[in-house]
Amino acid sequence: MSIPFNLQYFVENELNDRYAWMLTGIAAAIWIGYGLLMYWLQKYCRQKLRQGVVYRAYLQLQRLWHSFNGCIRLEVPLKRDPFYFQPSLVLLLFIYIIVNMRLCYVATEEIDYEPRYYIVGKRVGKISLGNLPVLLILITKNDVIAWLTGFSADKINLLHRWMGRCMWSMFVAHFCLTITYWVRVGFPGMITIPPQIFGMIGFGMMTICTWLSMRFMRKWSYEFFLFNHGFAAGFGLLMVFFHSLGPGKGHILFGVHLVALDRVWAQMGRSLINKYISPTKCRAKVTTVEDAVIVNIPMEKKKWKFFSWGSWKAGQHYYLRVGRVRRIQWHPFTVASVASSGNIKMVMRKRGGFTKALFNQVAKERQKQNLGDDSHVEMKVMVHGPYGARIQPLLSFDSVLFISGGSGGSFTFPLAIDLLQTIAERNESQDFVGRPTEARVTFIWYCRTENHIEWYRDELNLLGELSQDLNVQIRVLVTRKSETEFDREDIDSSKKRIVDETTIIKRSPSSNSASRMSIEFEKTPTDEIVNSEVDALIGSGMSKSLAVMGCGPLPMLESIEYQCQQNRWRSGAPDIYSFMEKYVV
C-alpha cells in the first residue's frame with residue numbers, strides 16, 4: 001500500500017525516529033542479555049551451584065564463549081612484543097555496521113516524494129543520532145555499563161572509541177548525500193541557511209573530536225586530549241541539536257542530560273560526601289618514593305538510616321583532583337589499600353602530565369617548608385568514587401593467581417589481602433559453604449628495582465601476616481639490578497633470596513611467613529607461571545577452578561590472557577576465569 005504524497009514527509013520523520021530509537025533499544029537489550037547470561041548468572045553459579053549438572057553445563061558454555069573471543073598471536077618483525085588479534089571484535093564491528101546499514105534504508109522504498117538517495121541520506125543522520133545515547137552512556141562515571149555487564153574499563157573505552165568512529169562515518173555519509181542532492185537540484189542556497197550551517201559546524205567539531213582522540217594524540221598530551229575532546233563534543237552536540245528537526249532532538253537531549261546528571265552526581269555529589277566524611281576533610285598526605293607518588297587520604301565509613309558511605313571493594317578506583325596541580329582535571333587511580341584500613345592509598349608512577357606535575361609539586365612544597373626527602377606534604381584534594389572491579393567472587397575458586405607489574409600492584413594487593421582475610425574469617429567460623437576447604441593463593445609482583453618494594457611495604461607486611469597457616473605463596477620478582485644493592489650483596493640474579501625481618505616484614509620467632517615470601521632477582525615469564533598453576537590443578541585429578549587476576553603493562557596482560565586461553569582446552573584443564581585490569585592511554 002503506497003503512502004499518500006501529502007503524508008510522506010510526516011511518515012518519513014516518524015519512521016526515521018522510530019528506527020533510531022529501535023537501534024538504541026537493540027543496544028540496551030544486548031547489554032542486558034549479555035549481563036544476565038555472562039556476568040550475573042556466572043556470579044550466581046559460582047556462589048550457589050559449585051557442583052552439579054547445571055554448573056558443569058554453564059562452565060562449558062563459558063569455555064566456548066572464551067574460545068570464540070580468543071586471540072591470535074602474531075609475531076611482528078622488528079617488534080619486541082607480539083601482536084594479539086581478536087577476530088571476534090572484527091565480527092562484532094561487522095554485525096554492528098550491518099545492523100546500522102539495514103536500518104538506514106529499510107522502509108524507504110515507499111517514500112518517493114524525493115530521490116531515494118536523499119531519503120536514505122536523511123535516515124543515515126537519524127540513525128547516527130540513535131547511537132548517541134549508547135555512545136554517551138559508555139562515558140558515564142557511575143558504573144552503569146560495568147555494573148550491568150561486568151565489563152572492565154578498557155573494554156568500555158574500546159566500545160566508546162569504535163562506536164564514535166562509526167558514528168563519524170555515518171555523519172560523513174549523511175553530509176555527502178544531502179549536499180549532493182541540493183547541488184543536483186540546482187538549489188545550493190539551501191546549504192547556506194542557518195540549520196545547515198549549524199550542521200556543518202557540528203560535523204567539523206565531531207571530526208576534530210574523532211581524529212584528535214587517536215592514541216598518538218592521547219600519548220602526546222593527555223591533558224590536551226581531555227580538553228579538546230570535551231569542548232569539541234559539547235559544542236558539536238549543541239550545533240547538531242540546532243541542526244536537527246523535531247523528534248530527532250530527543251536522542252541528543254536524552255544523552256546529554258544523562259551525562260550531565262552523571263557528572264553532577266559524581267563530581268559534586270560523591271566528592272562532597274567523601275569530603276564530609278573524611279576525618280581530615282580530604283587533606284591528603286603526599287610523598288614520593290623513587291619515581292612514584294603516594295597519596296594517603298583518611299576516609300571514615302559512615303552509616304545512615306538507609307545507606308552507608310566511605311567503604312570500597314578491593315580493586316576499585318577513585319577519581320582524584322589536586323587543585324594545586326590541575327584545577328579541573330580528574331584522574332582515576334586504583335586504591336592500593338583495603339577499606340578496613342580507613343585510608344585511601346593511591347600509588348602513581350611519575351610519567352608525564354598530571355603525575356609528573358604532582359611529583360614536582362611535592363618537591364617544591366618540601367623545599368618551601370624545609371622538609372627532608374622522605375617527608376610527606378599535606379595537600380587539599382577531592383575524590384569521587386569508588387568505581388570498577390566488577391569481578392567474580394574469588395572465594396569460590398580452588399586456586400587464585402595474582403600477577404601484577406609496577407604500580408599495577410594497586411589492583412592485586414588489596415584483592416589478595418581481602419581474599420586472605422575472608423578465608424581466615426570463614427576458617428575460624430568453620431564456614432565452607434560455596435568454597436573449597438583449602439584454597440591455593442599465589443601472588444606474583446614484578447618490580448623494576450628492589451627500592452620499588454617501598455611502594456607497597458605495608459601491604460606486603462599484611463600479606464605476610466595473613467599467609468600464616470594458609471596455602472599461600474608470595475613472590476616479588478625484581479627485573480632490574482639495583483646498583484647499590486648488588487654492590488653491597490653479591491647475589492646471583494638467578495637465585496632466590498628469602499625475605500627476612502630486615503627487608504620486608506617484621507615477624508615473631510614463631511612466624512613462618514618468611515618461608516612463604518621471597519624476592520627473586522629474575523624475570524620469570526608469565527606463561528611459565530600460568531602453566532605451572534594449571535599443571536598443579538590438573539595433577540590433582542579432580543575438577544578444579546582457577547582465577548587469574550592481572551594488572552600491569554599491556555604486553556604482560558595480553559600474554560597472560562593468551563596463555564589462559566591456551567590452557568582452557570588442555571586435557572583435564574580446570575575452569576579458568578581471568579580478569580585483566582588495563583589502563584590504556
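Residue positions begin at 1 at the first shown residue.
For all residues, glycine too, the Cβ spot is worked out from N, Cα and C.
Unlike curated entries, TrEMBL annotations are predicted automatically.
Feature annotation from TrEMBL assigns transmembrane segment to 20-41 (among others).
Here TrEMBL flags 89-108 (among others) as transmembrane segment.
Annotation comment: TrEMBL describes 128-150 (among others) as transmembrane segment.
What TrEMBL records for 162-183 (among others) is transmembrane segment.
Here TrEMBL flags 195-212 (among others) as transmembrane segment. Same-chain neighbours of the transmembrane segment (195-212): 164-165, 167-168, 171, 175, 225, 228-229, 232-233, 235-240, 242-243, 245, counting only residues six or more beyond its ends whose CB sits under 8 Å from a CB of the stretch.
For 224-242 (among others), the entry in TrEMBL reads transmembrane segment.
Per TrEMBL, the feature domain 'FAD-binding FR-type' maps to 273-393.
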Reduced to three DSSP states, the domain 'FAD-binding FR-type' (273-393) has 24 helix, 47 strand, 50 coil
Checking distant contacts: for the transmembrane segment (162-183), what same-chain residues at least six beyond its ends satisfy Cβ-Cβ under 8 A? 93, 96-97, 100, 104, 114-115, 117-118, 120-122, 124-125, 127-128, 131-132, 134-135, 138, 190-191, 199-200, 203, 206-207, 209-210, 213
Any residues 6+ beyond the ends of the transmembrane segment (224-242) with a Cβ under 8 Å from its own? 129, 132, 194-195, 198-199, 201-206, 208-209, 212-213, 217-218, 249, 252-253, 255-256, 329
Model confidence over the domain 'FAD-binding FR-type' (273-393), as mean pLDDT, sits at 90
